[in-house]
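Asks: Next up is a structure, given as structure tokens.
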Amino acid sequence: MHTQAGQGIPVPVTITNSTNFDPQKTRTPQRMKKVCCIGAGYVGGPTSAVMATKNPDVSVTVVDYNKDRIEAWKTNELPIYEPDLLDVVQHARDPVAKRIPNLFFSTDVEGAIAEADIILLSVNTPTKSMGHGAGQASELCHLESAVRRIGEVATSDKIIVEKSTVPCKAAETVRDILNATAKPGLNFEILSNPEFLAEGTAVRNLLHPDRILIGSLNTPRGLAAARSLADLYASWVDRSRIITINLYSSELAKLAANALLAQRISSVNALSAMCESLGADIDEVSHCVGLDQRIGPKMLKASVGFGGSCFRKDILSLAYIAESLHLPQVADYWRSIVGINEYQKERFTRRIVKCLYSSLSSKRLAVLGFAYKKDTGDTRETSAITVVNNLINEGANVRVYDPLVEEDRVWEEVLASSDRRETVKQRLSVWPSAYEACADADAVIILTEWDEFSNKISGPGDARGRGGDRTKRVLDWSRVAGLMQKPMYVFDGRNVLDAAPLEKMGFRVESIGKGVV
Ligand SMILES: NC(=O)c1ccc[n+]([C@@H]2O[C@H](COP(=O)([O-])OP(=O)(O)OC[C@H]3O[C@@H](n4cnc5c(N)ncnc54)[C@H](O)[C@@H]3O)[C@@H](O)[C@H]2O)c1
Ligand SMILES: O=c1ccn([C@@H]2O[C@H](COP(=O)(O)OP(=O)(O)O[C@H]3O[C@H](CO)[C@@H](O)[C@H](O)[C@H]3O)[C@@H](O)[C@H]2O)c(=O)[nH]1
């Protein structure tokens, strides 16, 4: 088996003779250059849209075997919510004036592969759920299937780009599959070009990236392929931000970046537990620490725990790689970041139980926010799944509201991670507004930092929460006060509230990392 670092013997690099590949050539003048992106998800869709918008002379086709997803990308009801994404998609997909369309969505995976000069692999790489490495290693079956398809279909040279987050040395797996499946005489150059966008800010991150990493083999063909991809990015990214490096450094740098970002959050969350016992304020501590230019202010916000499809899986993947390299102490170090994250969710639940007189039996709890962060409808690995299940297991009736997450999604997530499905069905409900969720509630629990819930932000939307952009509403906390049972507890899992004005209204506000002495 030839998958993860340290697990197999590296396969020798085979570069077959090419008849029509010219390493000096960075553009194809005769015809429009063609890019195919396999995977129309959170990475593939936005990345392709920005690439197409910024390269009107390049044709970009996004393919996926998920027909519903592809059909949605062709409409104005995109399958994912990202601020400003529709504008970018429309710019290249349905252009006006002299521009011709150069962004396409299709289920014809084979056709797009056959035509493409450059293929972006943007398929999902979740944590393995079964077999060797289950619960830790990355599942590469989607990547493998996409690469096999390339090998079977290709009749011309291709540059294959790993945009998916992959374990180190995955490029060797890709090369091995291509060597085994492709027609002789074709040349495939494999590049690592990890994506660093964060959901909710994807368009901004793609338009103004901190850096673009392009990892390649240090061979003439490898470097030429890297130049070819760099030219696409150079249409909108300053060349000084496009870093060409060793293939495996690039793969590892992606996992390392996520591990370091998550490590900051776990460090702050660990400190938040200390603050609660010491009477210190974690927001003040984070602010002071972040003023040190060597540390900086970002990713230091205490919370009920990080979620999202990436941090947990990428840290576990990194730890698994360390383990397979016989570095158990290193693996334990990385895993402890995930350990603190789990602890934070449990700790938050325990605090709720303690404040509500040590029993949640038949209490009504309004949960505001289910997405793993604001400005996305994504619920993958959201802390809300654990907290909601914990509250239900304590006997509470949980009433969820989120401005973007669909009701079905909440049900699927909570049921999928519960071993008491019948109890969930009796005790969970999902509501179309915060006010309905808060009716007769014994406590309000904020699990996502939506601006709507904050009393620090006066948003541009309708203050009563009617109509308009659902992400622009502002909650009227005095109205919430009129709806709730007494005493009125608010558990702020995101520290989005200014407690003083709410306490004047009679709320008891419990924030993460703030003085419980
Ligand atoms: N979501 C993020 O914010 C983010 C950011 C940076 C990197 N990443 C990484 O990018 C990769 C993709 O993440 P995502 O969130 O876009 O995933 P996603 O699940 O939203 O999208 C992946 C898509 O790939 C499709 N797919 C899988 N196998 C396929 C195949 N063989 N042929 C055609 N289509 C196929 C799936 O149907 C799905 O629509 C992952 O490796 C992830 O770790 C994600
Ligand atoms: O100070 C902070 C910052 C974030 N979070 C939480 O951490 C999680 C992840 O947030 P964020 O990193 O903003 O979003 P992601 O979309 O998961 O993006 C991360 O994961 C992506 C996938 O690999 C990478 O591309 C990005 O660079 C990386 O930031 C969310 O639950 C946040 O609420 C905190 O609790 N405190």
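Yeah, the Cβs are placed from backbone N, Cα and C, and that goes for glycine too.
In case it's useful when we look at the structure, here is the feature table from TrEMBL:
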{"type": "BINDING", "residues": "39-44, D64, R69, 123-127, 164-165, E199, 310-313, R380", "note": "NAD(+) binding site"}
{"type": "ACT_SITE", "residues": "C310", "note": "active site, nucleophile"}
{"type": "DOMAIN", "residues": "366-499", "note": "domain 'UDP-glucose/GDP-mannose dehydrogenase C-terminal'"}
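Describe the structural surroundings of these features, if you would.
Replies: The DSSP secondary structure for D64 (NAD(+) binding site) is coil.
DSSP classifies C310 (active site, nucleophile) as coil under the three-state reduction.
The average per-residue pLDDT of the prediction over the domain 'UDP-glucose/GDP-mannose dehydrogenase C-terminal' (366-499) is 91, rounded to a whole number.
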Asks: Just to be sure I understand the contacts, which recorded positions have a Cβ under 6 angstroms from any atom of ligand 1? Candidates are N124, C310, R312.
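Replies: By the Cβ criterion, which requires under 6 Å to ligand 1, the hits are N124, C310.
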Asks: Report, in whole Å, the straight Cα-to-Cα distance of C310 (active site, nucleophile) from N124 (NAD(+) binding site).
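Replies: Checking the Cα atoms of N124 (NAD(+) binding site) and C310 (active site, nucleophile) gives a distance of 10 Å.
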Asks: Name, in the order they occur in the sequence, the residues of the same chain whose CB lies under 8 A from the CB of G39 (NAD(+) binding site) and which sit 6 or more residues away.
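Replies: Result: V62, D64, L120, L121, S122, V123, N124, H142, A146, K163, S164.
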Asks: Provide, as an integer number of angstrom, the distance between the C-alpha atoms of C310 (active site, nucleophile) and Y42 (NAD(+) binding site).
Replies: 12
Asks: Work out the three-state DSSP category of T127 (NAD(+) binding site).
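Replies: DSSP assigns T127 (NAD(+) binding site) to strand.
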Asks: Just checking: which of the recorded positions D64, E199, C310, R312 have a C-beta under 6 Å from ligand 2?
Replies: E199, C310
Asks: In sequence order, which same-chain residues at least six apart have a C-beta under 8 angstroms from T127 (NAD(+) binding site)?
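Replies: Counting only residues 6 or more apart in sequence, the Cβ neighbours of T127 (NAD(+) binding site) under 8 Å are G135, Q136, A137, S138, E139, R312, K313, L316, S317.
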